[in-house]
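Data first, discussion second: the structure below is written as structure tokens.
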Amino acid sequence: MIFLEGSGKEFAGPPLSLEQLDADPLRQFFTWYQEAARTEAGDPTAIALATSSREGRMRSRMVLLKAIDERGFLFFTNYRSRKGKDLEENPQAAFCCFWPVSLRQVCVRGAVEKVSTEESNAYFQSRPVLSRLSAWASPQSEPIPAERAFLENRLREMQERFAGKEVPLPPFWGGYRLVPDEIEFWQGRSNRLHDRFLYARIGDGQWKRTRLAP
Ligand SMILES: Cc1cc2nc3c(=O)[nH]c(=O)nc-3n(C[C@H](O)[C@H](O)[C@H](O)COP(=O)(O)O)c2cc1C
């Protein structure tokens, strides 16, 4: 066994108490996100998203959170990707994000639904044209030839196909909304005595908040 060296830094963040937390966890998430957007060097919207097959075989990967609304968290991807297939078989997911400057972690789980085509289209059309063409060009998560030229040729083909036209939303691409039933806010504190608060949904717009041991 080889022991791995971390930074060894103390997680000496500020206290987090129940009184500081918003009654609505989505609003609380947004407050922490805004602070992270000001202070973090990395992308504050990067989350590790876990999905699982029908048999409970799990996978995780990074995606970007692109929006939140009053119901949940939105991310966008290829519906035929491995995560898309998992979500078709088992429309449940979890994600966590870590903001190292503020020493904060948020962990979320819940049911996942596709967003409307209008919502997917609105986001898709806001992307740079080459990102839109790449969505068409890449059969995400499928095995492809080893040479990168395959992808570059696919992109060129799509540039020709849509030359002089709006690049439309691919029918296999769009957003998912994770509707949370649990959200945990974790604030790193000294001596590993971190502050953790779990919101568990107990009814429509109603959340039970509980402190968890670190
Ligand atoms: C920081 C980061 C952000 C990413 N954001 C996305 C994203 O928003 N949507 C997406 O489909 N893939 C995104 N990816 C790529 C995914 O991690 C993954 O490779 C891809 O979605 C295929 O995953 P799957 O085979 O599990 O479906 C991102 C990767 C990184 C490292």
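Yeah, the Cβs are placed from backbone N, Cα and C, and that goes for glycine too.
Bear in mind that TrEMBL entries carry predicted annotations, made automatically and left uncurated.
According to TrEMBL, the protein carries these features:
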type: BINDING; residues: 61-66, 76-77, 82-83, Gln105, 140-141, Trp186, Arg196; note: FMN binding site
type: DOMAIN; residues: 35-158; note: domain 'Pyridoxamine 5'-phosphate oxidase N-terminal'
type: DOMAIN; residues: 173-214; note: domain 'Pyridoxine 5'-phosphate oxidase dimerisation C-terminal'
Neighbourhood of ligand 1 - binding-site residues from Leu65, Gln105, Arg196 with Cβ under 6 Å: none
Fewest Cβ neighbours within 10 Å, where candidates are the binding-site residues Val63, Leu65: Val63
Conformational class of Val63 (FMN binding site) under the three-state DSSP mapping: strand
Structural state census, the domain 'Pyridoxine 5'-phosphate oxidase dimerisation C-terminal' (173-214) (DSSP three-state): 3 helix, 31 strand, 8 coil
Chain-internal residues near Arg196 (FMN binding site), provided their CB is under 8 angstroms and they sit 6+ positions away: Glu184, Phe185, Trp186, Gln187, Arg211, Leu212, Ala213, Pro214
Assigned conformation of Gln105 (FMN binding site) - DSSP reduced to three states: strand
Cβ-Cβ neighbours of Arg61 (FMN binding site) (radius 10 Å): 14
Fewest-neighbour residue among binding-site residues, criterion Cβ within 10 Å, set Gln105, Ser141: Ser141
All-chain count of other Cβ atoms within 10 Å of Phe76 (FMN binding site): 21
